[in-house]
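Engineer: What follows is a single structure, and I will ask about it in a moment.
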């Protein structure tokens, strides 16, 4: 879980989030470098504005400002496309869990047809994110989530695993859930779904099967 007033991402709990964290650091450093570089160019241009020469055309300059931006876009897009491919890649699932959105709670259906309703639970500590039941999953296993809704549009979001998927009435969406440690994770519905939208938390408990 992230700290208050934090400007960075939450601590990663799976390999995908670790890669996203590295990518975020990579892009941040790139933006800082480009900002400093452009600031230096602007500064020296202003300092030497009286001695600058003007030209109607320059093939070398046009080649420069075509190749350099293209190269920058390339080094940004390649790792981004790789992460997108990894996120959408089909994986062998240890088990399937059906997630149904309701106003204003979640229902989890396990392979044994065992249904669990997860409502908000009043608490003085961690207000508005405690639930009556958690989605319990094994750690270090890929779990396929099948999401839909019984009423309006919802969105099942777990920031600490970089996961967000809409629960759409009449449609079944799919994503893979994986956590590499035993931990209790918290999330929220991220789609405005009515008057109690802000009271629709998500709780996922990841457990090591070898220690149960």
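Note: Cβ is positioned from N, Cα and C throughout, glycine not excepted.
Annotation source TrEMBL lists domain 'Cytochrome oxidase subunit II transmembrane region profile' at 1-91. TrEMBL lists 92-212 with the feature domain 'Cytochrome oxidase subunit II copper A binding'. Taken from TrEMBL, the feature transmembrane segment covers 21-44, 64-87.
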Engineer: Restricting to the domain 'Cytochrome oxidase subunit II copper A binding' (92-212), what is the model's mean pLDDT?
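Structural biologist: PLDDT averaged over the stretch: 86.
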Engineer: How many helix, strand and coil residues does the domain 'Cytochrome oxidase subunit II copper A binding' (92-212) contain under DSSP?
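Structural biologist: Helix/strand/coil tally for the domain 'Cytochrome oxidase subunit II copper A binding' (92-212): 9 helix, 60 strand, 52 coil.
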